[in-house]
């Protein structure tokens, strides 16, 4: 890529990324590294890993920024980068929260019954 393709994203507070492919590759790889620490049978890992691998393959296969934006369907690449940063943050939290483990205590019998 020969320099920045655009001067602004047109979105307040969202700066243009000069190396979006590199940034996305790094973020998606970090997400996959965190997911590897979560049990394979956890639903969050299974589905997030599948989506992240698909997106990483698109980033590696498509050098054209505009075509990649169209394939990822997440807006401008700067927006996709922001989404990937949020997913990485969530993956780290999920790893720490361990939602796949059993509850500490049993929930009340009518917890989800409505109306009571």
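Backbone N, Cα and C define each Cβ position, glycine as well.
Residues or ranges marked as N-acetylalanine by Swiss-Prot on the basis of similarity to another entry: 2.
Taken from Swiss-Prot, the feature N6-acetyllysine covers 30 (among others). Secondary structure at residue 30 (N6-acetyllysine), taken from DSSP and collapsed to helix, strand or coil, is helix. For residue 30 (N6-acetyllysine), other Cβ atoms within 10 Å of its Cβ number 17.
Using a 10 Å Cβ-Cβ cutoff, residue 46 (N6-acetyllysine) registers 13 neighbours. For 46 (among others), the entry in Swiss-Prot reads N6-acetyllysine, with the evidence type similarity to another entry.
Within the same chain, residues at least six positions away from residue 60 (N6-acetyllysine) with a Cβ under 8 Å of its Cβ are 25. If you look up Swiss-Prot, you'll see 60 (among others) marked as N6-acetyllysine, on the strength of similarity to another entry.
What Swiss-Prot records for 89 is phosphoserine. Around residue 89 (phosphoserine), taking its Cβ as the centre, 12 other Cβ atoms fall within 10 Å, counting all chains. Reduced to three states, the DSSP call for residue 89 (phosphoserine) is helix.
In the three-state DSSP scheme, residue 98 (N6-succinyllysine) is classed as coil. Swiss-Prot lists 98 with the feature N6-succinyllysine.
Look at Swiss-Prot and you will find 98 (among others) tagged as N6-acetyllysine.
Here the candidates are the modified residues 46, 89, 98. The one whose C-alpha lies nearest to that of residue 30 (N6-acetyllysine) is 89. Residue pair residue 46 (N6-acetyllysine) / residue 98 (N6-succinyllysine) shows a Cα separation of 14 Å. Taking the C-alpha positions, the distance from residue 98 (N6-succinyllysine) to residue 89 (phosphoserine) comes to 14 Å.
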